[in-house]
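Input: a single structure, listed below in structure tokens.
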Amino acid sequence: MGLSDQEWQQVLTIWGKVESDLPGHGHEVLMRLFRDHPETLDRFERFKGLKTPDQMKASEDLKKHGVTVLTQLGKILKQKGNHESELKPLAQTHATKHKIPVKYLEFISEVIIKVIAEKHSADFGADSQAAMKKALELFRNDMASKYKEFGFQG
């Protein structure tokens, strides 16, 4: 299920636009994740008090965590599938400490694509979206494999 060189180029080109505003993109991704999938908020102890969109919008901690999430994902995407060294510690913390189900990784992947499509519609057409979906699916599948290595069925 690897990506072609052209698909990786599409992924990294649009990711460059995401990186131009990590706080804006990251904050929007997490707000949308919690709005569209409220059950995911239960996995974030420090954000459980954020009940309304206004509270989420005003949260600097949520914005900072959004930057962390997208920064780490960017490091993984830039490895073009050769992401073992970046992925392993992330999978370990998500499996053993945070206990984030793979389903939640699917949710955030969907949200990431929606947010990019809204913010960069002219640059994120069907081909780029398909490439990003493949890249995020590769990431999720590899996370799921690592989860099993750490004894988490996620």
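Note that Cβ sites are derived from N, Cα and C of the backbone, with glycine treated the same way.
Annotated in Swiss-Prot:
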| type | residues | note |
| --- | --- | --- |
| BINDING | HIS65 | O2 binding site |
| BINDING | HIS65 | nitrite binding site |
| BINDING | HIS94 | heme b binding site |
| DOMAIN | 2-148 | domain 'Globin' |
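Broken down with DSSP, the domain 'Globin' (2-148) shows 121 helix, 0 strand, 26 coil.
The average per-residue pLDDT of the prediction over the domain 'Globin' (2-148) is 96, rounded to a whole number.
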